[in-house]
Amino acid sequence: NLYQFKNMIHCTVPNRSWWHFANYGCYCGRGGSGTPVDDLDRCCQIHDNCYGEAEKISGCWPYIKTYTYDSCQGTLTSCGAANNCAASVCDCDRVAANCFARAPYIDKNYNIDFNARCQ
């Protein structure tokens, strides 16, 4: 779920608050469209698509589904989720949080003009 995703982000990118990722580029935060502006935005596009795939599982709502995962030490290695939905959502979040840790954060891509740059 989004709360657990926030915690995963804090694990992998401890020097930056989760909300820095909530309004970044074309895909981090509110939906998404257009071409990702950079590698970090591409991480968010992949995460959005992953949630879309998880939603195809009957009764799976990624934004609120809880799951378990290994404790954090810089890299999140595995999800301990017990069912397909929880495992899928956890893996979406784990992959994205690790992707965020590898991708450079470019300040000018935070809070961009969505209508002008993301069509």
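A Cβ is built for glycine as well, from the same backbone N, Cα and C atoms used for every other residue.
Keep in mind the model is a prediction, meaning the values are calculated, not measured.
Annotated Ca(2+)-binding residues in Swiss-Prot are Tyr27, Gly29, Gly31, and among Asp48, Asp70, Asp91 the one listed with them is Asp48. Out of Cys72, Cys79, Cys85, Cys90, the record in Swiss-Prot bonds Cys11 through a disulfide to Cys72. Which of Cys26, Cys28, Cys60 pairs with Cys44 is settled by Swiss-Prot: its disulfide partner is Cys28. The record in Swiss-Prot pairs Cys92 in a disulfide bond with Cys50, which is drawn from Cys50, Cys60, Cys118.
Between Cys90 and the candidates Cys79, Cys85, Cys99, Swiss-Prot records the disulphide pairing with Cys79. Following the DSSP three-state reduction, the secondary structure of Cys26 (disulfide bond) is coil. Ranking the disulfide-bonded residues Cys44, Cys85, Cys90 by Cα distance from Gly29 (Ca(2+) binding site) puts Cys44 first. With respect to their backbone Cα atoms, Cys28 (disulfide bond) and Asp93 (active site) stand 13 Å from each other.
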